[in-house]
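*Asks:* Copying in the features that TrEMBL gives for the protein in this structure:
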- B:CYS14, B:CYS28, B:CYS31, B:CYS37: [4Fe-4S] cluster binding site (BINDING)
- B:GLY67, B:LYS68, B:GLY69, B:GLY70, B:VAL71, B:GLY72, B:LYS73, B:SER74: ATP binding site (BINDING)
- B:1-27: region 'Disordered' (REGION)
Amino acid sequence: MVAIAERMATVKHKILVLSGKGGVGKSTFSAQLAFALAARDFQVGLLDIDICGPSIPKMLGLEGQEIHQSNLGWSPVYVESNLGVMSIGFMLPHPDEAVIWRGPRKNGLIKQFLKDVYWGELDFLIVDAPPGTSDEHISIVQCLDAANVDGAIIVTTPQQVSLIDVKKEVNFCKKVGVKVLGVVENMSGLSQPISNLKFMKITDNGEMKDVTEWISEYMKEKAPEMLNLIACSEVFDSSGGGALKMCNEMAVPFLGKVPLDPQLCKAAEEGRSCFADKDCVVSAPALQKIIDKLMETSGLSMTESNGV
Amino acid sequence: MENGDIPEDANEHCPGPQSDSAGKSDACEGCPNQQICATAPKGPDPDMVAIAERMATVKHKILVLSGKGGVGKSTFSAQLAFALAARDFQVGLLDIDICGPSIPKMLGLEGQEIHQSNLGWSPVYVESNLGVMSIGFMLPHPDEAVIWRGPRKNGLIKQFLKDVYWGELDFLIVDAPPGTSDEHISIVQCLDAANVDGAIIVTTPQQVSLIDVKKEVNFCKKVGVKVLGVVENMSGLSQPISNLKFMKITDNGEMKDVTEWISEYMKEKAPEMLNLIACSEVFDSSGGGALKMCNEMAVPFLGKVPLDPQLCKAAEEGRSCFADKDCVVSAPALQKIIDKLMETSGLSMTESNGV
């Protein structure tokens, strides 16, 4: 714990990224948050403690990289000079091999990450957790206890099953004394240019026939005004009030919504920043607004960048 | 193995956790498991015997796994349970996701409690031939986080298997949490004597999901569980064009809702469009998706389920999609997958016991 406190002394802000439920886009959000902060000239570290399902290497375009040791400790893998990443993903000889570890062994590795990784001077350390409230979460909070975690961002989707799990996550934070910096509602509706859609017709015998090309011509001829529109689908019913309502009920900040954007998914899979991608028309602005709001409400905007 | 499986983090020359010298031999010095090995009881676990007895009246045990979270595993488990019950089988659904138990909601059983009888714990019945067990029923406050470390979760899983009275079942579906950790190791160990038929793995087309599925397949191979097949969920979004909203990006970059206007416009200018289904890929499957991965790993591909807002709705309201006329795209896809599952696993030989 002493060693951990020493390592963390050169880290100004520590932010946990949590979710109650899996698959809500937590790692995608962590990665894009890291990109955004690095683009604002902060020194950023991204620590992936999802031992069983480490997505972070892929999302930063770092698959196949290895960890090097120096006399100062383990070296993070650098995407850019001011954005370093650490994940068990870098330690697996065969990426398809399952990491079948029970809790104590996972805790041991998390401790080691915190103890042995040499981050240097960081403005932000983002810790990407696995979903849920179990060993990894208890461990990271205990280990960082002396080091003053700024707080946690909780990612969710609008579905009721996600919101149920977010409430548990908020209660976990309250129980262990971690401040909830805010909640992000991800996959908040699907928005894309109408030209990206395919169209199917259900024939008389119940089969689906692809009529996309025909419709494209048809629209050009009969309904040209439709060609430039954005088609939106709610996908996950938010008539329950979604994350905003839950935030009001639980008195935690609501940071904003990110739409389900196939271009963001693509950027994430290819390890790219959505902010540098002109195709992420709907998601990049939404994410920037959320990050601006986060900096504001958490008093983090007071942090001056150290530059590169 | 007579002396128990050698743990991965054990010292060299480990005598085996079940051996008489476990924890006490020279080779054990400094091993992280030393304390546990020295003090744990040896010999057959009486709990395992009890579990085997309970499982003796269960014909088929199917695990539903996923490498990654949020791929629709619980939704699939619930709909699979509904489908099998509709075919007159006796079905049990066991939810071992201790931290995030979704199953009660998906079967419309929120707020229900567990009752005990002299035979054991009673599952909560959706219908007379569909019984459900989940930690969700045991939580006094559904918003309260279950912050348990591994050993406590394992204890509860064992208890579920030991104390729940299922009676005669054709199928026990076990809905696991995502990943490959305590819960998964425990359920496989506990059911080891009871002959698990196999596991269905649910994924989405995204590459990050497929990476985790490969790990899940390798987990199954490692622990000797047969992979009955892989389901690719959220395989494209399909919905009637009338369910879409339309936005126009104005000159100053704002989004303006023009849905009503477009609705009239279509009726007037392009009426042929009104009955169409609009499809979006959402998650890029240019990598080949789950089908390609199944071919590479030599496991059966069971089929694709589209992302259907009506299915999401049915799931949230605890209803069967097969009984819902709005689940136009998802219900047929799921039926085909279940048919294929029954076929490829030889489960179609099972005759229903009737109700």
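Here the Cβ of each residue, glycine as well, is placed from N, Cα and C on the backbone.
What does the local environment look like for each feature on the list?
*Replies:* For B:CYS31 ([4Fe-4S] cluster binding site), applying a Cβ distance below 8 Å and a minimum sequence separation of six or more within one chain yields B:ASP9, B:ALA10, B:ASN11, B:CYS14, B:CYS37.
A coil conformation is recorded for B:LYS68 (ATP binding site) in the three-state DSSP classification, outside any helix or strand.
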*Asks:* Which ones, out of the binding-site residues B:CYS28, B:CYS31, B:LYS73, lie near enough to chain A that their C-beta is under 8 angstroms from one of its C-beta atoms?
*Replies:* none
*Asks:* Comparing the binding-site residues B:CYS28, B:CYS37, which residue's C-beta has the most other C-beta atoms within 10 angstroms in this structure?
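*Replies:* The residue with the most neighbouring Cβ atoms within 10 Å is B:CYS37.
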*Asks:* Applying a 10 Å Cβ distance cut-off over all chains shown, what neighbour count does B:GLY67 (ATP binding site) have?
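*Replies:* By my count, 28.
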*Asks:* In Å, rounded, how far does the Cα of B:GLY67 (ATP binding site) sit from the Cα of B:CYS28 ([4Fe-4S] cluster binding site)?
*Replies:* 34
*Asks:* What other residues of the same chain, not counting B:CYS14, B:CYS28, B:CYS31, B:CYS37, have a CB atom within 8 A of the CB centroid of the [4Fe-4S] cluster site?
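*Replies:* Close Cβ neighbours, site residues excluded: B:ALA10, B:ASN11, B:PRO15, B:PRO17, B:ALA22, B:GLY23, B:SER25, B:ALA27, B:ASN33, B:GLN34.
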*Asks:* Sorted by position, what residues of the same chain at least six away from B:GLY69 (ATP binding site) have a C-beta under 8 A from it?
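*Replies:* In sequence order, B:PRO177, B:PRO178, B:GLY179 meet the Cβ cut-off.
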*Asks:* Would you mind reading off the Cα separation of B:GLY70 (ATP binding site) from B:CYS28 ([4Fe-4S] cluster binding site), to the nearest angstrom?
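*Replies:* On Cα coordinates alone, these residues lie 41 Å apart.
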